[in-house]
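What Swiss-Prot says about this one:
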REGION    1-74  region 'Interaction with ubiquitinated proteins'
ZN_FING   13-47  zinc finger
BINDING   Cys19, Cys23, Cys35, Cys38  Zn(2+) binding site
REGION    66-85  region 'Disordered'
COMPBIAS  69-84  compositional bias 'Low complexity'
MOD_RES   Ser124  phosphoserine
MOD_RES   Ser132  phosphoserine
MOD_RES   Lys151  N6-acetyllysine
MOD_RES   Lys170  N6-acetyllysine
DOMAIN    232-375  domain 'VPS9'
MOD_RES   Ser373  phosphoserine
MOD_RES   Ser377  phosphoserine
MOD_RES   Ser390  phosphoserine
MOD_RES   Ser400  phosphoserine
REGION    462-491  region 'Disordered'
Amino acid sequence: MSLKSERRGIHVDQSDLLCKKGCGYYGNPAWQGFCSKCWREEYHKARQKQIQEDWELAERLQREEEEAFASSQSSQGAQSLTFSKFEEKKTNEKTRKVTTVKKFFSASSRVGSKKEIQEAKAPSPSINRQTSIETDRVSKEFIEFLKTFHKTGQEIYKQTKLFLEGMHYKRDLSIEEQSECAQDFYHNVAERMQTRGKVPPERVEKIMDQIEKYIMTRLYKYVFCPETTDDEKKDLAIQKRIRALRWVTPQMLCVPVNEDIPEVSDMVVKAITDIIEMDSKRVPRDKLACITKCSKHIFNAIKITKNEPASADDFLPTLIYIVLKGNPPRLQSNIQYITRFCNPSRLMTGEDGYYFTNLCCAVAFIEKLDAQSLNLSQEDFDRYMSGQTSPRKQEAESWSPDACLGVKQMYKNLDLLSQLNERQERIMNEAKKLEKDLIDWTDGIAREVQDIVEKYPLEIKPPNQPLAAIDSENVENDKLPPPLQPQVYAG
């Protein structure tokens, strides 16, 4: 392995994470570097321009057709007759084709095909029950949450129900158009609460989170990785790419993390677990929360390793390493789902937006990873990618106990067992010493008591006056008053 002596590392200017229009919000590769707000503006401009161009094209074609028709009317009679017969034949043939197509796509055949598709796609009853239970739970939580807002809550619930009903009839639209509908709904509801309802911004954010949770729990199975997109193809491509890059080491990426430290190793495992867990969530906000937790574990791992706070230049290479090591399932589908249906304000600002933007950059870096990025020669990079060799194989040629990860872990465990054995021996010695001290203390107390008893013996002396017997005769009884004089009964 030929590594250059000077390592550049992976550096991304923080300004590159921001919207390229300069609005100050975070951009997104899926939005061509724009933030959600600027992308919507650019998208609408491009769409209006396309509509205008299509309208002009239609007008031009109509004029050409009218001119061609006018010129055909001025042609000779014979040619006109021949052309009319040709048109009649063409019309009859076209009518037969249309009739055949109509029969093929008749109502009965359409219904049958839909039933077949639904039966083919129908999940198991257990999955349906689980989804229904979760949907009911989220619905109840949403209604209970809106009850605290009284009239505003009623209006929000009404608008949300109307939106879901509208989305039910828009399933035939492209996923981009459905995403546009969701983004418009988020924008309109938030704006209506701020302008008409005078709701404080922090409460608007909480309400929007609950709205997103409610609607996306219901829409998830229809809009996550739909068949009309190439999301699944991208998932397979990035998984194949990550598997091909399994030989990449932390040193090649200049990752400032030492996994030999147990605390750091635990943080790395937790980060990988969080990024994998993202696929199990249904709400975009929950998926973002997994990315945020993963990123915080990365920052903690770097902080423990370096004994100082992590920087942005340390974070991105480590995030790339975590993605390569974890190979999260359906990574592109999850990124696209968050981009399309998450509340845009959450992606534009805050730590969620920052970490998500970095994840998008990490995926883009992995897709474009080359020899120069890893400070390798092109020859070594090609051999590693083809599987002919790997950096670990080359290190194993000069084998030492530290070169093998399994042996290294074994020695680490043996060292840990040795430390535990020493601690146990210390505890046993301390316990024996404590037992001996207790015995010595007991013997000392017994000796002291014996010495005191011998020094001060207990002597019982007889009394100087005899004790009065209880049953003896008392000659002075007659001096007592009558109520107190004892009475003697003959028995």
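Cβ coordinates come from backbone N, Cα and C, glycine included.
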Determine, to the nearest whole angstrom, how far the Cα atom of Ser390 (phosphoserine) is from the Cα atom of Lys170 (N6-acetyllysine). 50
Quick one: what's DSSP say for Ser377 (phosphoserine), helix, strand or coil? coil
Which has the fewest other CB atoms in a 10 Å radius around its CB: Ser132, Ser373, Ser377, Ser390, the listed modified residues? Ser132
Averaging the pLDDT values of the domain 'VPS9' (232-375) gives 93
Tell me which of the modified residues Lys151, Lys170 sits in the most Cβ-dense spot, judged by other Cβ atoms within 10 Å. Lys170
Ser373 (phosphoserine) to Ser132 (phosphoserine): how many Å between their Cα atoms? 48
Residue pair Lys170 (N6-acetyllysine), Lys151 (N6-acetyllysine) - Cα distance, angstrom, rounded: 29
Between Ser132 (phosphoserine) and Ser377 (phosphoserine), how far is it from one CA atom to the other, in Å? 55
